[in-house]
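**Student:** Attaching a single structure in structure tokens format; questions to follow.
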């Protein structure tokens, strides 16, 4: 993918995992046509296999269709937790885990 189009490669996004969209704060402009315009999403695929959902797509320049980055988002349920991951040169890297139970056992305080 194109390192000249992004301010920072794979910025740490904490637990912000995007299934769609673009992180435009990290987009400095197209290295090919030198325009800073909207970023298109192209070739979006969604695959469901063995309790895992994988979404991939390309970020492309609106003006010249230059490929800026490849975006990958995954969702899976492991034990009692929904696990999310994102990896993209433009949008960054992130992971999140959310309990499917009403009260997250990791958030409860010990009684003693």
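Any Cβ shown, glycine's included, is placed from N, Cα and C.
The feature Zn(2+) 1 binding site is assigned by Swiss-Prot to 2, 5, 30, 66, with similarity to another entry given as support. Marked as Zn(2+) 2 binding site by Swiss-Prot: 30, 33, 61, 64. Positions annotated as Zn(2+) 3 binding site by Swiss-Prot, on the basis of similarity to another entry: 59, 71, 88, 91.
Walk me through the surroundings of each of these features.
**Tutor:** The C-beta environment of residue 66 (Zn(2+) 1 binding site), restricted to residues of the same chain at least 6 apart in sequence and closer than 8 Å, consists of 2, 5, 30, 31, 32, 33, 60.
Of all Cβ atoms in the protein chains displayed, 22 besides its own lie within 10 Å of the Cβ of residue 30 (Zn(2+) 1 binding site). Residue 30 (Zn(2+) 1 binding site) falls outside any helix or strand according to DSSP and counts as coil.
In the three-state DSSP classification, residue 88 (Zn(2+) 3 binding site) falls within a strand. Packing around residue 88 (Zn(2+) 3 binding site) is summarised by its Cβ count: 28 other Cβ atoms lie within 10 angstroms of its Cβ, all protein chains included.
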**Student:** My understanding is the cutoff is Cβ-Cβ under 8 Å with a sequence separation of 6 or more in the same chain; which residues meet that for residue 59 (Zn(2+) 3 binding site)?
**Tutor:** 22, 39, 40, 41, 42, 67, 68, 69, 70, 71, 88, 90, 91
**Student:** What other residues of the same chain, not counting 30, 33, 61, 64, have a CB atom within 8 A of the CB centroid of the Zn(2+) 2 site?
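**Tutor:** So the additional residues around the site are 31, 32, 34, 35, 37, 62, 63, 65, 66.
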